[in-house]
Amino acid sequence: MRLILLGPPGAGKGTQAQILVEKLHIPQLSTGDMLRAAVKAETEIGKKAKAVMDAGELVSDAIVNAIVAERIDQPDCANGFILDGYPRTLAQADAVEAMLGERGLKLDAVIELVVDDKALVGRIMKRAEDAQAAGQPVRRDDNPEVFEERLREYYKKTAPLVGYYYAKGLLKGVDGMASIDEVTRQIEGILAKA
């Protein structure tokens, strides 16, 4: 099972990815984690990424795509994987299709967690309040201004992927405002038909 989880920040992609990892026994692939692992392992592409990050620049699509391609060749991805936070752009979506095609693979599903923006802001504020109450640090991106900027960035760059995957017949939406268990049930129903 090879799938992508789409949705704005705070929609619950990470939460659902962790649940699916347990249920499907396939890894969650996060580009941030993959970049850090490639840098730590000092792979050729990891060295390139480190040089860019050390210079304080954003890692290019070419480097991110190469790291994803390297990662999906690992044995634990043989039965599939969950892409969370990637692809973020149409160019990256094209790269995913190309890298899978080169391996004779395809995506099984693209699941969009559909949420209400106002409710998302409330969800993020609650997450920050809960962290403070528990004496835990508040995530930098749980600040309303930072979050709203991330939301704008999502709609500008990532939201076009919804149309891209819809046109390919891969996109399925779930009610991301439902309870965690209900969202999981909806996703499982989609995957059973994939």
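Using the three backbone atoms N, Cα and C, a Cβ is placed for every residue, glycine included.
Fair warning: this is a prediction, and the values are worked out from it, not measured in the lab.
Looking at 7-23, 126-142, the range annotated in Swiss-Prot as region 'LID' turns out to be 126-142. Range annotated as region 'NMP' by Swiss-Prot, chosen from 30-59, 150-179: 30-59. Most Cβ neighbours within 10 Å, among the binding-site residues Ala11, Val59, Ala178: Ala11 holds that distinction in the structure as shown. Remark: of the binding-site residues Gly10, Gly12, Gly14, the most isolated position is Gly14 (fewest other Cβ atoms within 10 Å of its Cβ). The Cβ of Arg88 (AMP binding site) lies under 8 Å from the Cβ of Lys157, Thr158, Leu161, each of these being in the same chain and 6 or more residues away along the sequence.
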